[in-house]
Amino acid sequence: MVTISKFSYENPRFINLLRRSSSIPEEVEITVKEVLKNVKNNGDEALYAYMKKFDHVDMNEIGLFVSEEEFANARDKVSDKFKEAVRAACDNIFKYHKRQLPKGYCETYEDGVILERKYTPLNSVAVTVPGDKAPLISSMCMNLIPAIVAGVPNIYILTKPRLDGTIDEHLLYVADYLNVKNYYKISGSQGIAAVAYGTNTIKKVDAITGPGNNYTQMAKKMLFGEVKIDSIAGPSEIAIIADEKANPTFIAADMMSQAEHGTGFEASTTFCLSNEKALRIKEEIIRLAEENNLVTATQKSFTNYGDIFVVDRIQDAVDAVNKIAPEHVELLLENNDEVVSLITNAGAVFVGEYSTEPVGDYFCGTNHILPTCGTARFSSGMSVQEFMRGYSVIRYTEKALKSNTNLIIELAESESLMAHALAVKVRK
């Protein structure tokens, strides 16, 4: 269960929180290294063998791709209520992400020099979407829609099939609705290797994004450089800053929303101003967990990384949150607008008692693929730019080159790069 304690930077529970990491066991790295090597050298043969070994499916029987018939069946199976929810959520995500499209620019300088910045979409991307147990519908939307907005022409989806070779109909409906029909029934490090290297039947891609287990994440990490990756996803986390008027039921439910992922590494943290408030929040956690059959789902994470810290001032909480650099921050304060500008290290900030974190997970339009384990200090969440590349166009004139020749030569020769200097000298 959650721990209540007085906040200080020397508090062992706070130190424990800062030491959370997304490290992956060494034995996983050893296995993945062998899988990548084998798939690179043996292509489809190795891929199919690993799908049989790890996922217990015969690719020759179930087929590599989702068929049009399977998409049609999914359209018939899912409820109208689900379709309505997907369409509304996707509309919001599209609206928010379209604003992110980078605009190039072109500047003309003296002597006729023209310098330009251009942006173009990646040619191909593979998106991993777990789905054999709980279909991660929202993660599919959060990966696919930015890629679609960016204009990526070739988008592929990877999902572990069920033992009967099928994919969850909710995932198929979303893919069909977004018109992404290149859907592979492959997964794990072997699936990542196949799209990174290419095989006789699988196209090599430029980028790989999306969540997955330790084997998927390690494969992405080891293939960085061969392809672009989004990030190495760590366990989820939330930090809540609350004053005396904040609703303890809301706080408790929001802490539980992270803890229920159940790996034991999720962090649910609240900073409040009194022991009385902390106790009320803890009481609500106990009540809600029992009433909603969530004790088992949340207990491990709450025991390891569930904390309610009592602070003297809201500023102390702000400073602590910026130190943690959490994936999600919630502000439940009378002066939210004053405090939000003080939060500098966070994946996303949810302001006000009705901006509950699941709104961002599913519906409002912002992206829920966010930096974890302190990486919000230096990285950002998923965006359209993840699927684009920028480059410069230089149009230098004879007049400009000749007027700057000596300066350019001086810089090149100071680095002992004489051929660089020569390329300018021959144009004098």
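Yeah, the Cβs are placed from backbone N, Cα and C, and that goes for glycine too.
A C-beta separation below 8 Å, combined with a sequence spacing of at least six in one chain, links Glu327 (active site, proton acceptor) to Ser236, Glu237, Ile238, Ala346, Gly347, Ala348, Leu370, Pro371, Thr372, Ala376. In three-state terms derived from DSSP, Glu327 (active site, proton acceptor) belongs to neither a helical nor a strand segment and is classed as coil. Per TrEMBL, the feature active site, proton acceptor maps to Glu327 (among others).
For His328 (active site, proton acceptor), the same-chain residues 6+ apart in sequence whose C-beta sits under 8 angstroms from its C-beta are Ser236, Glu237, Ile238, Ala239, Gln258, Ala346, Gly347, Ala348, Phe350, Glu357, Gly360, Leu370. Annotation source TrEMBL lists active site, proton acceptor at His328 (among others).
Residues or ranges marked as substrate binding site in TrEMBL: Ser236, Gln258, His261, His328, Asp361, Glu415, His420. Residue environment of Ser236 (substrate binding site) contains 24 other Cβ atoms, counted within 10 Å of its Cβ in all protein chains.
Gln258 (substrate binding site) has a Cβ environment of 26 other Cβ atoms inside 10 Å. The Zn(2+) binding site annotation in TrEMBL covers Gln258, His261, Asp361, His420.
When each of the binding-site residues Asp361, Glu415 is scored by how many other Cβ atoms sit within 10 Å of its Cβ, Glu415 comes out lowest. Cβ neighbours within 10 Å of His420 (substrate binding site), excluding its own Cβ and spanning all shown chains: 15.
Spanning the residues Ser236, Gln258, His261, His328, Asp361, Glu415, His420 that the record associates with binding substrate, the maximal Cα-Cα distance equals 56 Å.
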